Amino acid sequence: MSRAAVLCGLGGALPERIVSNEELAAQLDTSDRWIRTRTGIGQRHVVAPGQSTSDLAVAAGAQALASARGTAGQPDDGVDLVVLATSTPDRPCPATAPDVAHRLGLGGVASFDVSAVCTGFVYALATAASMITAGVAGRALVIGADTFSTILDPADRTTRAIFGDGAGAVVLRAGEAGEPGALLGFDLGSDGSGTDLITVRAGGSRQRSVPGPAAAGEEFFTMDGRPVFTRAVLDMSRSSQNLLERVGWSTAEVDKVVAHQANIRILNAVGEQLGLEEKQIVANLDRVGNTVAASIPLALRDAVAGGELQPGHRVLLTGFGGGLTWGSAALVWPELETGRPHR
Ligand code: COA
């Protein structure tokens, strides 16, 4: 049997404060009906003043480590790598992962951030899994965490309806290719010609290389919804098909597709492209919105907590996001000790 990275822990965290569609409609020219019918979202969680991405990442990471402890009955001190997917780091520099690792008491482990917006978790998973199979790491904590509420334009009804804050995490350990939980393959890609479709223009070296403050509003996140919608459907469908071919599964053999929770209409369109039945598609975006890098692990957590995702299920993960970027991963779902969900 060849060495593989095996998923053995799962956790997630959401900030306490819930913003309902009605609350948004009281502030902006929108309605519960518009948001529900155009996106499938009913509410989202947002951080409190002073709360940041690292706080959510630490809470989700702690829960995933506890889950791994319960699953494998092993101490955390085997963790030698922390990979944090985020596009809303606590600061532009240094990376947020070392602070998260430190606050989790993981000592001097290797740690770094991965930036691939909504595809961040799949990229981080592929990076950590590859480091484990290469023998560079033995046990990794992989976290997806974002607080997009901190970079949204308060007057933008579209992005404020869609995005929510959160964090999700998994633990990977070294194991063997045939085990449940072993990551069976990845498909990753990008298309930089779409850089401007999902972006924060200011705050980076390009804007800062010109003396003077950023133009008004350029520090906010912007998204061109229609082309993003089209590309999300196309790229997640194509990436899923590529990976299924490589892994040797037909779409009918997949029990659960856990796609990036961007918009229920995007999930349904991907389902249509792939020929999936509704029961194969996992969706939790009605309760959390689009939580960016946290989206896929939070959907996994909710699907496990709700009994929808069971040990032995063939699972396909697929994501799409800014960059543009996309990525998919496949595994057979393992038996996990997940404890009580943290909100
Ligand atoms: N409430 C009410 N009306 C809204 C609105 C809101 N929250 N947001 C946008 N609208 C309006 C638009 O201004 C537009 O009005 P106009 O026709 O007068 O110009 C109208 O609704 C239709 O806009 P359109 O962009 O065509 O709607 P849509 O059906 O494409 O839905 C999105 C908009 C953003 C929900 C959809 O394009 C989408 O989900 N895109 C992908 C977003 C995403 O997933 N991003 C992250 C990817 S990782």
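Yeah, the Cβs are placed from backbone N, Cα and C, and that goes for glycine too.
Database features, via TrEMBL:
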- 112-192: domain 'Beta-ketoacyl-[acyl-carrier-protein] synthase III N-terminal' (DOMAIN)
- Cys118: active site (ACT_SITE)
- 244-333: domain 'Beta-ketoacyl-[acyl-carrier-protein] synthase III C-terminal' (DOMAIN)
- His260: active site (ACT_SITE)
- 261-265: region 'ACP-binding' (REGION)
- Asn290: active site (ACT_SITE)
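Here the active-site residues are Cys118, His260, Asn290, and the one with the most other Cβ atoms within 10 Å of its Cβ is Cys118. In this structure the C-alpha atoms belonging to Asn290 (active site) and His260 (active site) are separated by 8 Å.
Taken together, the residues in the domain 'Beta-ketoacyl-[acyl-carrier-protein] synthase III N-terminal' (112-192) have a mean pLDDT of 97 on the 0 to 100 scale. In the three-state DSSP classification, Asn290 (active site) falls within a strand. In this structure, the CA atom of His260 (active site) is 7 Å away from the CA atom of Cys118 (active site).
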